[in-house]
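Below is one structure, written out as structure tokens; comments come after it.
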Amino acid sequence: MYLRSLHLRHFRNYRDQEITFDAPKTILVGENAQGKTNLLEAVELLATLRSRRASRDRELVYQEERQAQIAATVERLGVAHELVMELRSSGRRSLKVDGQVLRRQADFLGQVNAVVFSSLDLELVRGGPEARRNWLDGVLLQLEPAYLGLVEQYRQILRQRNALLKQDPAAAGDKFSQMDFWDAQLATTGSRIMRRRARLLQRLEPLAAHWHRVISGGRETLTLTYRPQVPLPDPQASPEVIQAQFLAEIRAKAAAEHSLGSSLVGPHRDEVELCINGVAARAYGSQGQQRTLVLALKLAELELIEQVVRDPPLLLLDDVLAELDLHRQNQLLEAIQERVQTLVTTTHLGSFDAGWLKAAQILQVQGGQLFPSKTGDGIP
């Protein structure tokens, strides 16, 4: 796929900015807090409908404006599409594809596919389980747009069940009969999420292991293991088998759940274990090794999305390329070649391999405005 153009109105620190992408690689150069990451965030929103930096849409709207707009022209499999996302301070969104307003947000997913690699992604290695769950879910949203509805349904069930757990049994009346209902709902929806996560990781692991071997020169072996909070007998097991296991775990932890007033069983507590040579990756102190691992995960993600949708996704590199040594830069360049459109942000170009700068579109970013870079600008 190819992002032909992007138009940001009242988005973050962009008042009204259009950009046409005219090269496979676009490098955005500027000081911190000028808007480089904001531009990549807009593209990521088109791909996932989620921001990793904002909890509310209000944070995405420029100052006192009431709404922001992200418009893009995207070419997929040789066909151009016009996409529009409107974000309101109230939290209400509207989405359009080729001028048609969409009723469901899930129908927008898949219009843009993107893989993002930023400094935040080092949390995949050194952060808690939530970072790794969010990563898996983000990939699933792009591969299976219907997964969005499943996740939203699970969160709603979890809220209802937690509210019931917090109630005083004496005041809640038929609390326990209600709990049976929500237990069944949690098990049904949670099992569907678990099966999808397990199947995804089965497909990602060999790809990530391959890229990790390539980047590390064959010196290290990477393994990814899904550790669901509910023991999963087999990712291919029937939904009924998994649901029965789920309900058994709920019964085993019933007393603790009622005591704490919180659900202790379900995919909201899953873990993805990352190991290098059989040792938990977080035990490795080297930032170089951590970056190698995350780069392998991102290349696996990129390769899998390309296999499934039959079109290379966009690659968004936010202030990480210059931090990779020349070997890793070259491995990444070799992996994506010219077929993957790449948007890169950086504060300087001095540590870039010449292969990245060759024929790249270089833009200066200053105060929410973009300027074509003159020859030599920003290049020591």
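Heads up, the Cβ atoms here are built off N, Cα and C, so glycines get one too.
For E31 (ATP binding site), other Cβ atoms within 10 Å of its Cβ number 12. Swiss-Prot lists G30, E31, N32, A33, Q34, G35, K36, T37 with the feature ATP binding site, giving sequence analysis as the kind of evidence.
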Quiz item: So for Q34 (ATP binding site), how many other CB atoms are inside 10 Å of its CB?
Solution: 21
Quiz item: To test your reading of the ATP site: which residues beyond G30, E31, N32, A33, Q34, G35, K36, T37, same chain only, put their Cβ within 8 Å of the Cβ centroid of those residues?
Solution: N38, T345, T347, V365
Self-check item: Local backbone state of A33 (ATP binding site), from DSSP in three classes
Solution: coil
Quiz item: In this structure, which of the binding-site residues N32, T37 has the fewest other Cβ atoms within 10 Å of its Cβ?
Solution: N32
